[in-house]
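Peer 1: Mind having a look at this structure? Questions to follow.
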Amino acid sequence: MSDEKKCPVTGRTSSQVAGSGTSNKDWWPNQLNLNILHQHSAKSDPMGKDFNYAEEFKKLDLEALKKDLFELMTDSQDWWPADYGHYGPFFIRMAWHSAGTYRIGDGRGGAGSGSQRLAPLNSWPDNVNLDKARRLLWPIKKKYGRKISWADLMIFAGNCAIESMGLKPFGFAGGREDIWEPEEDIYWGDEDTWLGDTRYSGDRKLDNPLAAVQMGLIYVNPEGPNGDPNAVASGKDVRETFARMAMNDEETVALVAGGHTFGKCHGAGDAANVGPDPEGAPIEQQGLGWKSKFGSGKGGDTISSGIEGAWTPTPIKWDNSYFDTLFGYEWNLEKSPAGAWQWHPSDPEAKKAVPDAHDPSKTHPPMMTTADLSLRMDPIYAPIAKRFHENPEEFADAFARAWFKLTHRDMGPRARYLGSMVPDEELIWQDPVPAVDHELIDNTEIADLKAKILASGLSISKLVSAAWASASTYRDSDKRGGSNGARIRLAPQKDWYVNQPLQLPELLNKLEEIQQHFNSKSGNKKVSLADLIVLGGCAAVEQGAKNAGFDVTVPFTPGRTDASQEQTDVHSFAVLEPAADGFRNYQKVKYSVTPEELLVDKAQLMTLTAPEMTVLIGGMRVLDANFDGSKHGVFTDKPGSLNNDFFSNLLDMDTVWTSTSEDAELFEGRDRESGELKWSATRIDLIFGANSQLRAIAEVYGCEDSGEKFVNDFISAWDKVMNLGIF
């Protein structure tokens, strides 16, 4: 290589820069990915550590922002003209595709972080040309700056779009904070080509936790399963996909019909004319992708999904014309100019029904996608669609509510909602808990209650396990779960196998006795069972530390309340049941991924760092908090004592480990010289000695002088977990 091609400073070739070259992942593809525990650090956030988005949002004049957005709707720009002179449908699609990545399986995806701005979502095939929607919003974002995040602005723009076209939204809540780097924890599928669908196995069984049918799609393939224009089969895909996004059949029909009341699809020409996506586009395009060589590349020449046309004759007006069109014609299968399957009315007069989006001298027939026709052909969807057709007000309310759910589902409880447009109505999918209506216990009463709990006969193991079971349901992905509400005493959580439903009532009954005795006293000072469950765990941790020679106080903040069964959607909460909980050495069945990968996944959902995950495992083991009393990983002869024995014994070179199961998931540790059996372990336990990064952390806690640090770090991580979901 000539000198001209080398860096003039270092003499290196252009490929020899920091971060390049063969990576650890290249050498060891199956290496445990701990990077997902350390995403979104302050080093990537330009806003600074003192920035408080909630406080900034309170300064926002939401009505002024709404006025500016309404004006933008009809301010068509030559560089990207508005269809029908109105950007409303475009912004609805942007907001929908921001929120529509949410899936209930792990709570990941959704609109809560503004991730549509970043790879891979900014370049998904289903998001073609939404980069222009965000650029249209830039002048408004520029004006309001830090007072509104991109995440909130995209959703609010969708709300304003709906209202500007004639339907009052159910409400809007702010509070979504932007991220500044792509989310590495989200499993979008393992396909290596856009629109690949190896996520299916057997009889079209979709891989969990995925919801979309193909890589790079938000929902279903609008042309039908794998492009097969079969409306009945498409209905099955629609049902599964929307169900995995927390929508029932009525909500699904309302969303599809309501969303497709507005706007049009774009498939004016061959997709081969379209250039690379934003991430692959040349630098001079400044983050805009999909530059098209077809005609003007915009307006009437736009190519996006490949499907071409509008659903209704009134694409920028809220009305019932979607159902009028769906049920008013018989439909013929045809191909768009881009070669995509779509349906047109058999009636030739329909060719005059829809105005052109840019040329008033032209008209077109309405179109339906195969997915649209599933609302007419599916035996469950069809009666719902007909009822909505006959009852426009019911349809309008159903769509407004479903849209609110779609765009707010991943925000968690109402306590996180910000702004003057938050609806008053409490909704079951928000996982409501009662407001605090009593005086909270003080430090003296906390100490007294701790003593009563420890004197009740409940063991350290049981108290720690119960508190963990209550709090560790939290997942930060959609801000659900946690100790608030004490739902461990309600269906479905009380019956989860991991919570040992045969033993759980004894503990809950004793805590309820203590609660009732305390609350029967005069005055307005009360304690909830939710608080007592956590307090019991804290008392047990304190006792464990005392047993190890450390006199500590575990932090405790009261204020949790007890939810009722009526406030708890059993079906909705079922998805929070842990398939595995490595902190309790529990795994329901054998999975295709390793137990240690499942541990890291759960730790990420609980916002734990690698050091926090490590110290919690070590503490939970010596506190004897394993599922069903298992002794795997209890590397101590003093269970119930919060010491660093787990680490010192794991790192002991006098122990030799061998697998005792064909799948290498259970192990025994024997004395290197005598062969005497010392310990048993799972992969979860041994990964802290096998993985180089985790071993480095384990060595910190395995040192002879680390006892106090271990206790303090465990308490800090424990307190963090106990307060997850408290907003």
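We count from 1, first residue shown onward.
Yeah, the Cβs are placed from backbone N, Cα and C, and that goes for glycine too.
Per Swiss-Prot, region 'Disordered' is recorded for 1-26, 346-365. According to Swiss-Prot, the feature compositional bias 'Polar residues' maps to 11-26. Feature annotation from Swiss-Prot assigns site 'Transition state stabilizer' to Arg93; the stated evidence is sequence analysis. According to Swiss-Prot, the feature active site, proton acceptor maps to His97, an assignment based on sequence analysis. The heme b binding site annotation in Swiss-Prot covers His260. Per Swiss-Prot, compositional bias 'Basic and acidic residues' is recorded for 346-362.
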Peer 1: Looking only at residues six or more beyond either end of the compositional bias 'Basic and acidic residues' (346-362), which have a C-beta under 8 A from one in the stretch?
Peer 2: 81, 83-84, 264, 299-300, 309-310, 312-313, 315, 325, 329-332
Peer 1: Measure the Cβ-based neighbour count of the residue listed as 'heme b binding site', defined as the other Cβ atoms within 10 Å of its Cβ.
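Peer 2: 24, counting other Cβ atoms within 10 Å of the residue listed as 'heme b binding site'.
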Peer 1: For the residue listed as 'heme b binding site' and His97 (active site, proton acceptor), determine the Cα separation and express it in whole Å.
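Peer 2: Cα to Cα, the residue listed as 'heme b binding site' and His97 (active site, proton acceptor) are separated by 14 Å.
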Peer 1: 10 Å Cβ neighbour count around Arg93 (site 'Transition state stabilizer')?
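Peer 2: If we count other Cβ atoms within 10 Å of Arg93 (site 'Transition state stabilizer'), we arrive at 25.
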Peer 1: Within 10 angstroms of the C-beta of the residue listed as 'active site, proton acceptor', what count of other C-beta atoms is obtained when all protein chains are considered?
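Peer 2: Neighbour count, Cβ to Cβ under the 10 Å cut-off: 22.
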Peer 1: How many helix, strand and coil residues does the region 'Disordered' (346-365) contain under DSSP?
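Peer 2: Going by DSSP assignments, the region 'Disordered' (346-365) contains 5 helix, 4 strand, 11 coil.
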